[in-house]
Amino acid sequence: MDSIETHAKQLGRQTPLPASPEEAQLDRVPNPHADTDYLARFTVPEFTSLCPVTGQPDFATLVIDYVPDRWLVESKSLKLYLAAFRNHGAFHEDCTVGIGRRLADLLEPRWLRIGGYWYPRGGIPIDVFWQTGEPLKSVWLPDQGVAPYRGRG
């Protein structure tokens, strides 16, 4: 199996924030349990991007679940990739689905889903969900744990 250092180019180094998601480098590392079906979850409670029309900030909680195959996403590179969206203008759907697709292309997981729970803009919350296919029956798949937006009261 390859060493982690072969694949994790940013780990253990001072790494500047990428200027854009397109410029961000996502790293993957070998999965030491590739023979086992299990779920890995990343919860991102303070995701930000910009409205592509007004330039105003948008906020979301992202929940990324995946059943890895040969590869795991290296978490520092994921953090830097997601942080690069804070000055990136895109609609909620584009951010959410684009992140899911980029991770799926990189990792080639057995299964992946992303839930984007966006705070209201113009009085309307937008929740966006994307997945690669049917979830595996052999894996415990907990609820994403983000309640629907109810406003105040």
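Keep in mind that glycine also has a Cβ here, set from the backbone N, Cα and C atoms.
What Swiss-Prot says about this protein:
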ACT_SITE  CYS51  active site, thioimide intermediate
ACT_SITE  ASP58  active site, proton donor
BINDING   VAL73, GLU74, SER75, HIS92, GLU93  substrate binding site
REGION    1-30  region 'Disordered'
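Where Swiss-Prot records a feature, it is marked here on the structure.
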residue : record                              : Cβ within 10 Å
CYS51   : active site, thioimide intermediate : 15
ASP58   : active site, proton donor           : 23
VAL73   : substrate binding site              : 22
GLU74   : substrate binding site              : 20
SER75   : substrate binding site              : 14
HIS92   : substrate binding site              : 20
GLU93   : substrate binding site              : 13
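Secondary structure from DSSP puts GLU74 (substrate binding site) in coil. Looking only at the binding-site residues VAL73, GLU74, HIS92, the one with its C-alpha closest to ASP58 (active site, proton donor) is HIS92. The distance from the Cα of HIS92 (substrate binding site) to the Cα of CYS51 (active site, thioimide intermediate) comes to 8 Å.
Residues VAL73, GLU74, SER75, HIS92, GLU93 are listed as the substrate binders, and the farthest two of them sit 24 Å apart at their Cα atoms. Under DSSP, GLU93 (substrate binding site) is assigned to a helix (H, G or I) in the three-state scheme.
In the three-state DSSP assignment, the secondary structure recorded for CYS51 (active site, thioimide intermediate) is coil.
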